[in-house]
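Per TrEMBL, the features are:
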DOMAIN    A:4-315  domain 'FAD/NAD(P)-binding'
DISULFID  A:C41-A:C46  disulfide bond
BINDING   A:K50, A:D306  FAD binding site
BINDING   A:G180, A:G181, A:G182, A:V183, A:V184, A:A185, A:S186, A:E187, A:G266  NAD(+) binding site
DOMAIN    A:354-460  domain 'Pyridine nucleotide-disulphide oxidoreductase dimerisation'
Number of protein chains: 2
Amino acid sequence: MTEYDLIVIGAGAVGENVADRAVQGGLSAVLVEAELVGGECSYWACMPSKALLRSGSALRAARRVAGAREAVTGDLDVRAVLDRRNAFTSNWSDAGQVDWVRGAGIDLVRGHARFTGPKRIEVTGEDGTVTELVARHAVCVSVGTDPKIPDIPGLAEANPWGSREATSAQEVPASLAILGGGVVASEMATAWATLGSRVTLIARSGLLEGMEPFAGEAVERSLRELGVDVRLHTATERVTRSEDGVHIELGTGESVTASEVLVATGRTPRTGDLGLETIGLTPGDWLRVDDTLQVEGFDWLYATGDVNHRALLTHQGKYQARAAGDVIAARARGLAVSDAPWGTHVATADHATVPQVTFTDPEVASVGLTARQAEEAGYDTRVVDYEIGWVAGASVHADDYAGTARMVVDESRGVLLGVTFVGPDVSEMLQAATIAIVGEVPIERLWHAVPAYPTVNEVWLRLLEAYGRPGAEARTPA
Amino acid sequence: MTEYDLIVIGAGAVGENVADRAVQGGLSAVLVEAELVGGECSYWACMPSKALLRSGSALRAARRVAGAREAVTGDLDVRAVLDRRNAFTSNWSDAGQVDWVRGAGIDLVRGHARFTGPKRIEVTGEDGTVTELVARHAVCVSVGTDPKIPDIPGLAEANPWGSREATSAQEVPASLAILGGGVVASEMATAWATLGSRVTLIARSGLLEGMEPFAGEAVERSLRELGVDVRLHTATERVTRSEDGVHIELGTGESVTASEVLVATGRTPRTGDLGLETIGLTPGDWLRVDDTLQVEGFDWLYATGDVNHRALLTHQGKYQARAAGDVIAARARGLAVSDAPWGTHVATADHATVPQVTFTDPEVASVGLTARQAEEAGYDTRVVDYEIGWVAGASVHADDYAGTARMVVDESRGVLLGVTFVGPDVSEMLQAATIAIVGEVPIERLWHAVPAYPTVNEVWLRLLEAYGRPGAEARTPA
């Protein structure tokens with residue numbers, strides 16, 4: 001039995017950060033990991049998916065500019081793209097990450113963790129050895145999620161791809177059916193269609209629902225241009241796999257046959273086999289936490305990343321991890337806790353200021369509330385849209401640049417609630433919006449944040465001009 | 001004799017904006033322009049220079065990513081680049097801009113403007129016709145600058161290129177010598193070397209002085225890789241043009257011969273022939289203004305853009321134009337003037353928060369004070385650097401991404417004073433820094449502005465981590 005100040009279950013990017021911050025704060029910490037240290041993001045999500053997408057994106061950008069276009073006389077080198085993706089995942093070896101963990105002064109136990117009681121964890125290694133761990137101060141669950149397989153007859157038996165198979169496949173399937181209309185479905189449709197697969201996207205819903213409507217509309221158009229067969233608001237009734245591939249019967253009476261089927265219809269927490277029942281929680285549940293990432297009803301249990309269901313994004317999980325690691329250390333050492341909104345020890349940004357980039361073509365970059373969310377939340381809102389292609393910097397960036405920017409204003413406070421950019425290469429434009437919203441920078445001050453000319457960011461000026469300058473002409477006489 | 005509330009001399013982007021804002025504020029306004037409506041930026045600066053640069057930049061970006069690289073089997077199409085540049089300048093026709101002026105309710109008088117006394121302007125048209133204009137409330141001078149030809153024997157007689165010739169040339173010179181080490185010199189060396197010219201850059205100073213030192217160093221390396229012969233800290237003694245081209249004798253005793261020579265050694269205000277003597281000012285001087293852009297000692301005279309020497313950048317001139325147009329309207333109508341720092345009617349950002357992008361390879365994007373400027377200004381500063389290539393998003397963006405980010409912190413207030421990014425495709429990352437600095441967003445709050453993963457913007461997190469989180473561990477016990 002080994003004792004640590006902190007036990008972190010799950011050594012993905014999020015768990016690593018919790019342990020790292022706690023160790024920097026003076027605690028001893030151990031990471032428990034059943035699979036690869038570095039987790040989903042490093043091996044089966046963000047990194048490999050963006051690696052699959054980036055080469056096509058760079059090539060499209062060059063093709064969009066006269067003078068450069070003429071030099072692109074060859075095709076995307078599919079093998080080189082897959083090899084580059086393999087390099088980013090270190091061919092699914094976690095040796096480098098293990099080195100990092102050691103260097104950070106964190107212990108590592110490999111195996112499957114289960115609670116045996118409060119602060120007590122039993123780790124079963126691959127070879128069956130059992131390690132008993134006890135936490136002096138805290139346990140943090142950072143186990144992430146698995147794809148949720150919807151209850152469609154035959155689907156589970158058809159050996160479907162999840163996000164892991166979709167990001168790690170070593171060959172391009174001749175054809176790929178994708179079930180789902182969210183970020184993973186949209187990105188993987190873009191990636192595999194660009195790499196030459198014949199892709200059909202089937203979604204019960206629309207595309208990218210929950211974002212501004214023009215996001216899904218633009219991505220749908222581009223997917224169709226890429227040759228993707230897009231079937232929205234379409235139910236899947238039955239799936240069967242035969243020698244010819246996967247046969248998918250739709251609610252419309254039509255059917256689709258593909259080499260593989262990817263299920264991208266949502267995520268489910270990896271809490272089914274954690275021994276949660278020994279501490280009074282229900283296996284399979286999401287773990288509800290407060291803003292310090294402490295699980296409700298516990299003073300020693302924390303949950304960070306996807307498993308707490310606050311914001312299923314790596315960067316947001318790492319953000320939670322920083323707060324959690326710091327607050328665990330502060331509480332353990334009896335130091336002051338900064339848990340007012342926007343304090344050091346809280347993940348305030350999770351509530352209404354979460355940034356997200358979808359690496360489709362066009363890219364979708366959004367932060368904060370959509371117009372609809374803001375209205376439903378009761379804000380006195382005003383919505384301003386601007387066509388990014390009208391900006392001089394955009395027209396230089398790409399011929400016939402097509403994109404849309406929206407800002408949602410809280411009229412009562414004169415600050416931004418949400419910003420969405422849809423267009424080629426908008427991903428790096430998002431941080432400005434995130435800082436404006438999180439920083440609660442008044443619109444009146446944003447007029448002084450001059451965008452450099454001619455960049456695409458001049459859309460900020462255009463949005464402000466479309467909004468109008470409060471006080472410029474409407475002031476009462478002196 | 002025609003009377004207007006406002007006369008604006010110079011119909012570049014800056015003058016257009018002054019007039020537009022004043023008209024929106026209820027005034028009548030006339031623009032006077034001796035050359036093309038739209039001015040330097042539209043025809044001989046920002047737009048054509050960026051158009052010359054963008055195709056090469058897009059192609060380089062594709063070549064930097066395995067998978068895309070292999071598809072770039074051809075060369076940059078130089079004719080297509082020049083044609084694209086010509087399209088952006090509408091082949092140097094201002095018909096579209098004239099339409100815009102009319103549509104905005106602004107009158108236009110073509111010809112050369114000279115003061116004949118306070119508020120009185122005489123415009124001499126190309127055909128010799130003279131128009132007399134009188135301003136009821138204000139005159140705004142927005143005439144911009146010309147290249148300053150340094151006092152080097154033979155240079156003026158050698159028929160050198162200025163920025164106009166460098167941005168509008170219809171053929172690629174076999175070889176080009178560039179005198180200067182600033183933004184124009186660096187960008188034009190990048191552009192013409194990429195387009196196939198044999199470029200020699202000769203600067204009395206270093207490269208991009210006034211920016212963070214690593215900016216000039218990185219651009220110097222890349223220029224050399226592009227094949228540019230870079231001669232820094234080198235004086236030019238004499239220039240002669242013969243049938244073989246331009247012969248340049250250097251202070252080192254060496255000499256350079258090139259088809260053309262571009263002078264990019266600074267700018268001089270276009271105030272030499274404005275009749276300034278009739279209103280008690282000195283022809284050829286810069287026009288010193290207060291923060292409402294009012295010329296010192298006058299209650300009716302304004303100067304916006306390059307001519308006031310506050311910040312010689314189109315976007316900053318347009319920023320001044322918005323303040324000036326609005327305050328001219330407010331004063332004319334007897335409305336309240338918002339002239340406290342960061343008010344509606346002042347160009348506060350000119351002082352220490354000016355953004356600038358240099359579209360070299362790598363790009364240089366900077367805003368606010370450099371480390372040296374901040375120290376010289378007496379701030380209690382801390383400087384944090386981070387290699388952008390270490391960011392996951394950068395490594396996905398480009399193989400072997402090389403770049404540097406620096407933030408300069410005001411330790412006493414816990415806010416940023418300056419940020420510089422040097423690296424491929426950093427130009428759209430600048431607006432985030434501009435908003436953080438102009439918005440005076442506390443560092444403690446910036447921790448909550450989460451960069452999306454995996455974008456290059458994750459460098460924000462790395463900079464903050466390198467800085468350390470105030471209050472995370474250093475707080476006193478509760």
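Using the three backbone atoms N, Cα and C, a Cβ is placed for every residue, glycine included.
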Among the binding-site residues A:G180, A:G182, A:G266, which residue has the fewest other Cβ atoms within 10 Å of its own Cβ?
A:G266
One should report the C-alpha separation between A:V184 (NAD(+) binding site) and A:D306 (FAD binding site), rounded to whole angstrom, as 15
Cβ atoms near A:S186 (NAD(+) binding site) (within 10 Å, other residues, all chains):
30
Can you check what DSSP calls A:C41 (disulfide bond), collapsed to helix, strand or coil?
helix
Quick note, binding-site residues A:K50, A:G180, A:G182, A:V184, A:G266 vs chain B, Cβ pairs under 8 Å, ordered by sequence, gives A:K50
Excluding near sequence neighbours, so keeping only residues 6 or more apart in the same chain, what lies with its CB under 8 A of A:D306 (FAD binding site)?
A:V14, A:G144, A:T145, A:R267, A:P269, A:L312, A:G317
Return the count of C-beta atoms lying within 10 angstroms of the C-beta of A:C41 (disulfide bond), excluding that atom itself.
24
Please classify the secondary structure at A:D306 (FAD binding site) using three-state DSSP.
helix
Could you give me three numbers for the domain 'Pyridine nucleotide-disulphide oxidoreductase dimerisation' (A:354-460), the DSSP helix, strand and coil residue counts?
36 helix, 33 strand, 38 coil
Max pairwise CA distance, angstrom, over record-listed NAD(+) binders A:G180, A:G181, A:G182, A:V183, A:V184, A:A185, A:S186, A:E187, A:G266
14
For the domain 'FAD/NAD(P)-binding' (A:4-315), the averaged pLDDT of the predicted model is 97
Expressed to the nearest Å, what is the distance separating A:G180 (NAD(+) binding site) and A:C46 (disulfide bond) at their Cα atoms?
18
C-alpha of A:C41 (disulfide bond) to C-alpha of A:G182 (NAD(+) binding site): distance in Å?
17
Cβ-Cβ distance under 8 Å, sequence separation of 6 or more, same chain as A:C46 (disulfide bond); the residues meeting this, in order, are A:T314
Alpha-carbon spacing, A:G266 (NAD(+) binding site) to A:K50 (FAD binding site), which is rounded to whole Å
19
Given A:G182 (NAD(+) binding site) and A:K50 (FAD binding site), what distance in Å do their CA atoms have, once rounded to a whole number?
16
